[in-house]
Each structure stands twice: as C-alpha cells, then as structure tokens.
Amino acid sequence: MPQVAASSSNVGPSSAAASSASHVQEVAKSASDPPKHTSFSSIGISPMLIRSLASLQIKVPTPIQSLTIPSVLEGRDLVGGAQTGSGKTLCFALPILNKLIKDMVGGFAVVLTPTRELGVQLHEQFVAVGEGARMGLRCALVLGGMDMMKQASELANLRPHVIVATPGRLVDHLRSGGGEEWGLRRCKFLVLDEADRLLTDTFKPELEYLYSVLPSAKTLQTLLFTATLTEQVVEFANAKRPEGKPAPMVCKIEMDTKTPETLEQRYVFVPSHVREPYLYHILRHPPIKPSSERVRKLNAKHQADRERKEENQRKSGKRRRTHHASDSDLDQDDDAALFLPATIIFTARCKTAATLSGMLAELGIPNVSLHSHLRQSERSENLQTFRAQRVPVLIATDVGSRGLDIPDVELVINWDLPSAWQDYVHRVGRTARNGKRGFAISFITERDIDVIHSIEDKINTKLTQLEGLEDEDKILEKLNAVATAKRVATMALHDSQFGERQQRNQHKQLARLKAEKRASKKAKSAGHDQQ
C-alpha cells in the first residue's frame, strides 16, 4: 500500500527521492490505516464546497488530501508529493476556495503549471468546484499558444480571483503593463504544480520575475506539488524563511511498487521489424471488451453518424466509400474499430507517436495523439476528443500525458518499454482504477529483456505472454497492408515538415542563453575593472 508521511523541514540533501526519510520515518504510516480525517468537514472545508464536491461524486478526502489540507488551511507553506490520480489538485484548490469565500478579492491565487494541457485540466477543476458552490468564482486561464490580446482583454475585464497559467505567458502579460489593472499585489497563494519541472533552468528567468512582482514571502503562502522530490524542490523546503514564518510542511504519499490487483499484465515478444502487424492485430482483436457504458455511448453515436451519412448520400445521389490502405487485405468491418476498449499506446518519442497515429488512421482505426510537437490547439482538441470517447485510441508520449488525469482507460499498450520501473507503474496505473478490470500489454524486443526483468523484480509480478497470437502466419498476412500504411504515414510526416518548428525554437532558445551568458560575463568583467 502507499505510505503516508509528513514532516516539517529540514529535508535532507543527497538522494532527492529519499531526502526526507530520516525526518518522516517516525510519523510514517500505511495509507490503509484509518486516516486522521475521514470527511471534508473534519478538515475544515466549507459546507458550500462540500455540497459542490458531493455533486461531483467526491465524498471523502484521499490520503494526500487528508494529510495536506489542514496544514494549508493553517497558513503553512507546503511541499506535497503524490502521483497523478491521487487527488492532489484539490489539495490546493479546496483551501484556496475555502479562504476565498471569506474574501473575494481579485488576484487571490496564482497557479503555475509547466504544460498547457495540465493548465486546462486545473482550470476545469477550479471552475467545476467553484460553480457547484455558487460562490461567483472568476478563474482565468493564461497559456502560451493562445491569442494574447484576447487574454489581456479577458484579464482586464474579468479581474480573476484565480489565475491558472504557464509561467512564460503570465510574465509576458505582466511585462506588457497589463498587470497594473488586474495585478498580483494582493495575491495570497502561489501554487507550483509539477514543481519538479517548474524548478529547473527552463523556467528560472520567468519564476525569478514573478517572485519580484508577487508579495513578499512573509505574506505569500507557497504550495509545491510534485511526484518527485528533486534537488530543487528540496532546496525550496530547506530555504531560509522570513522571521516568524515556520518551515514548510513536507507531506508525501510514497509511490506504491504494486500494480492494481484487477490489472492483467502481459507481454508480446516479437522482433522489432514486425511489431506493427501485431499491434494492428491486437487492436482489432483486443484482449478486453469495452465497458457496457462505453458500448452504449458508442452505439448511440454510431447510429447518429450512420443516419447522418445516409442522409448525405441520399442528398448527393451516390454512395461514398472511405478508402484505407489496401482495403482488400484488411478486416472489412471497419465499424468494429469504433468499438475498441479505451486504449492508450505509450511511445518514447514524438515522431513514433505521430507515425503510429498516421499508420493506424490509414488502417481504419480512429485515434488521436498527444505529444509536444503538436500545437496547443491540436493537443487540447485531441485530449478532449479522447476523453469524450469520440475515438477509442490515444497515442501519447510520457511527457505529453504527464500530470493529466484521463479516466476510464481499459487497455494500456507499452509500444516502447520505459527504462524506469516507476514510469511503468505510472503508465499501467492509468487503467484498472477503483476496482475496475484493466489490461496492460508491453511490446518486448531482444534489447528489452534486462529492463523487463528489472521491472518485474520491482513490482514483484511476473508478466505472462499474451494469448491469441499463436497463428503467426495469419497475423503477418497483414504485413504488406500495414507496411503500406506506415509508409504513407511516414511520407505525410515528411511533407508536413514534422519537428522543424521545435528545432527553430530550440535554436532561438540556445541563442538567447548564449547572449545572456555573454552579457553576464561582460557585467562581471566591468565590475572587476571598477575594483
């Protein structure tokens, strides 16, 4: 079971993952033990918010919520460590809204996130709880990749209580002078979600600027949430505090090395050059059936789509046919592709995700992808499409999907095996939640044998071979069709100049860093000359 631990700083240095061990061990306990707080009312949450939570089917606090919320309500700075799906968003959203009810001032809280997708998700959760409480919450979403002029107008007119933002875009607005109208002078809370990613050199200039315009640390309550206690997070916990301000609480739910009991874990051991036909076969003949609720929704949607298509065909006076790569070589019932279980396929690289997405689309399997080479609007649309069950398959990188809570996943496929066992647990943990049945399949090649053995040792579970793949000749009958689809997808990527925008941005960032380094050296040299 997960381990619950809490301590005040100091947090030790060295190994970040175990950095607080010597200080939290004496109060550590199993999450299966009766929690100190078993209801939201017992931790001081307003009845208005409790009613809102109930309408969202949230009845009792999770272990990390029970552990952190009382300290936040007491006014303590806090470092909270928990995995995706543990309910950590409410660890800061509920205390912020609880205090905001008593003092509805603009610029009350700033919530920073490293990714736009996570920002959208955080904003949705604030709005959902706030609307349910009927408290008149004004929450703004300030992300890069969106119309800055429109954002500036909304900020000025809305005067939001809570701002959910990526650091770069928020700094852009503040530097442009817009912050004078909706500024952060009265800000009470600063939240860094996915703090291990925010407290890196990538975001350092933006964070330093934000610290300079926010109220002093003496009055500002700072909350960090992370899955990993990195060195930078530890430095924050150990940093010198203003006189009279206590050290931050460090609360952590230790990651469980066990996978859910309702999760079936299998492997497919095939040479790398024939993996694609096996993937296609598995998706066409999945080892787990979609839930009855999913089938009901898909049936309704499918019937509506068919009626609309037939109506269009009657109007045009002819029948339309969708062409896929080598249709004669493929299973003819393309309608069945819509009735797949909700599936996430994890890849190691953006290009792999894009190639698989194009290939499967050519083969008649509806899907969307989620990776950093997509534009913000594309990522948001793709994520919403999968969440709304309009397509059955999401192809994602770890970075592209990190921090996102994607419910009701029934099948996880590791196309590329992660090198770290923690990543494996995190991936497969997206299915088999809340006692539901789930299935995880890992593709393994000759190079992955040591890695899979290491993962099995850590999770104390032996993966078994996936059944139903004995007829290799039948599976490889689709080899030509699948190869054609992959070739079409690869050519489409090449024609779209895939990845060139990211390369240009990297070159610009490198040039900026070099310029800053030269300026710093020049300033130091001038200082020495004056001495």
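Just so you know, glycine gets a Cβ as well, placed from its N, Cα and C.
In Swiss-Prot, the feature motif 'DEAD box' is placed on 193-196, out of the ranges 193-196, 325-328, 381-384, 461-464.
Given the ranges 38-66, 67-95, 415-443, the record in Swiss-Prot names 38-66 as motif 'Q motif'. Cβ neighbour count for Ala82 (ATP binding site): 25 (other Cβ atoms within 10 Å of its Cβ, all protein chains included). For the motif 'DEAD box' (193-196), residue counts in helix, strand and coil come to 2 helix, 1 strand, 1 coil, using DSSP. Taking all protein chains in view, 18 other C-beta atoms sit within 10 angstroms of the C-beta of Gly87 (ATP binding site). Within its own chain, the motif 'Q motif' (38-66) has Cβ neighbours under 8 Å at 2, 4, 31, 73, 80, 82, 86-88, 90-91, 94, 97-98, 101, 128-135, 251, 253, counting only residues six or more beyond its boundaries. Taking the domain 'Helicase C-terminal' (332-531) as a whole, pLDDT averages 84 in the prediction.
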